[in-house]
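Asker: Here you go, one structure.
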Amino acid sequence: MEILLQKVYDQENLSKEEMTMIATEIFEGRLSKTKIAAFLMALKVKGETAEEMAGIAQAMQRVAIQVAFPAGTAMDNCGTGGDKSNSFNISTTSAFVLAAAGIPVAKHGNRSISSRSGSADVCQELGIDINMRPEDMTYLLEKVGIAFLFAPHVHPNMKYVMDVRKELGTPTIFNLIGPLTNPVHLETQLMGIYRRDLLEQTAEVLGQLGRKRAVVLNGAGFMDEASLAGENHYALYENGEVHLYTLRPEDVGLTSYPLEAITGGEAKENAAILRSVLDGEPGAYLDTVLLNAGFGLFANGKVTTVQEGVDLARDLIRSGLAKQKLADLITYQKEVLAK
């Protein structure tokens, strides 16, 4: 093990198998916090490879609590976080739009690591229980079409790195691979990433992990979401191939806004923003969700273009169907908790 750690310290790449070995040591609690911190920072400085990302993702999935759901039907749209944009909870809001389109959404998420409000924080503020049992998550996916999967709850072995990540206060490989480790076997995925240089290789990793179709995007301003502030870069994985594209908000009939226009706050403020979007209140928040939900619908294959996705997302919000998904989730959750 010391030899493998030294390779990383010496800026040498690890094979998938070598990374799996180190990750297993971490997830079984056999590496000290000091060594974990040194390892994570050395990886960050060196730069994470596709092999390393796949290796640690597979190790995480092996020790995860599995959530049963028919293979090949669900999707996720969570991002890496770590873009320091202090935006509102875009992917969480968009998830209700995707669910309203009839797509089962297994929304993987966590508390804030480098922002003021993570998806788990805003979900709690909305009244969503983030500590459901796996069988309850399955029930909600089946009955409502959306469930929140709290990362520390379904990845209990991550307890060995949570304190280290919080103390480091900077994105690490765990930000990059968190969205890759959903305990539901996904068919499609939209994944925002804060590093534009990793678009192509992350899409390749999703293919290695069994996705049939996926979009990995990096927004203007290097957001881990699609942005209205300029050009968005994304990689589409399909049929074993990856293709790179760009898209501006004007390309799909949306108005440009500066990044400051979608600034969020603490969980209470972000929950209010989420509700205002699902109510259809016009402005930068709504248009940002339309763009991101449009990408999600496109990643899923529900539509053939992002433009069609934006149009469908607008209809789903105007009709009240997206707002109803939030209400249904809370209603059926109470039914589960009352058992």
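Every residue, even glycine, has its Cβ placed from backbone N, Cα and C.
Pulled these features from Swiss-Prot for this protein:
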- G79, 82-83, S87, 89-92, 107-115, S119: 5-phospho-alpha-D-ribose 1-diphosphate binding site (BINDING)
- G79, N110: anthranilate 1 binding site (BINDING)
- S91, E225: Mg(2+) 1 binding site (BINDING)
- R165: anthranilate 2 binding site (BINDING)
- D224, E225: Mg(2+) 2 binding site (BINDING)
Asker: Measuring Cα to Cα, how many Å separate H108 (5-phospho-alpha-D-ribose 1-diphosphate binding site) from D224 (Mg(2+) 2 binding site)?
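Answerer: Roughly 15 Å, rounded to the nearest whole number.
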Asker: Tally every other Cβ atom lying within 10 Å of the Cβ atom of N110 (anthranilate 1 binding site).
Answerer: 24
Asker: Near D224 (Mg(2+) 2 binding site), which binding-site residues out of G79, N110, R111, R165 have their CA within 10 Å?
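Answerer: For D224 (Mg(2+) 2 binding site), the binding-site residues whose Cα atoms are within 10 Å come to G79.
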Asker: How far is it from G79 (5-phospho-alpha-D-ribose 1-diphosphate binding site) to E225 (Mg(2+) 1 binding site), counting Cα to Cα, in Å?
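Answerer: The Cα atom of G79 (5-phospho-alpha-D-ribose 1-diphosphate binding site) is 7 Å away from the Cα atom of E225 (Mg(2+) 1 binding site).
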Asker: Do you see any of the binding-site residues S87, S91, N110, R111, E225 whose C-alpha is within 10 Å of the residue listed as 'anthranilate 2 binding site', and which ones?
Answerer: none
Asker: Any idea what DSSP makes of G79 (5-phospho-alpha-D-ribose 1-diphosphate binding site), helix, strand or coil?
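Answerer: In three-state terms, G79 (5-phospho-alpha-D-ribose 1-diphosphate binding site) counts as coil.
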Asker: Between S91 (5-phospho-alpha-D-ribose 1-diphosphate binding site) and E225 (Mg(2+) 1 binding site), what C-alpha distance do you get in Å?
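Answerer: S91 (5-phospho-alpha-D-ribose 1-diphosphate binding site) to E225 (Mg(2+) 1 binding site), Cα-Cα distance: 8 Å.
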Asker: Count the Cβ atoms, other than its own, that fall within 10 Å of the Cβ of R111 (5-phospho-alpha-D-ribose 1-diphosphate binding site), considering every protein chain shown.
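Answerer: So the Cβ neighbour count for R111 (5-phospho-alpha-D-ribose 1-diphosphate binding site) comes to 20.
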Asker: Three states by DSSP: which one describes H108 (5-phospho-alpha-D-ribose 1-diphosphate binding site)?
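Answerer: In the DSSP reduction, H108 (5-phospho-alpha-D-ribose 1-diphosphate binding site) maps to strand.
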Asker: Minimum Cβ neighbour count within 10 Å among the binding-site residues D224, E225: which residue?
Answerer: D224
Asker: Rank the binding-site residues H108, R165 by the number of other Cβ atoms within 10 Å of each Cβ and report the first-ranked residue.
Answerer: H108
Asker: For S91 (5-phospho-alpha-D-ribose 1-diphosphate binding site), which DSSP three-state class applies?
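Answerer: S91 (5-phospho-alpha-D-ribose 1-diphosphate binding site) sits in a helix per DSSP.
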Asker: For E225 (Mg(2+) 1 binding site), what is the secondary structure state per DSSP, taken as helix, strand or coil?
Answerer: coil
Asker: Write down the Cα-Cα distance for E225 (Mg(2+) 1 binding site) and S87 (5-phospho-alpha-D-ribose 1-diphosphate binding site), rounded and given in Å.
Answerer: 10
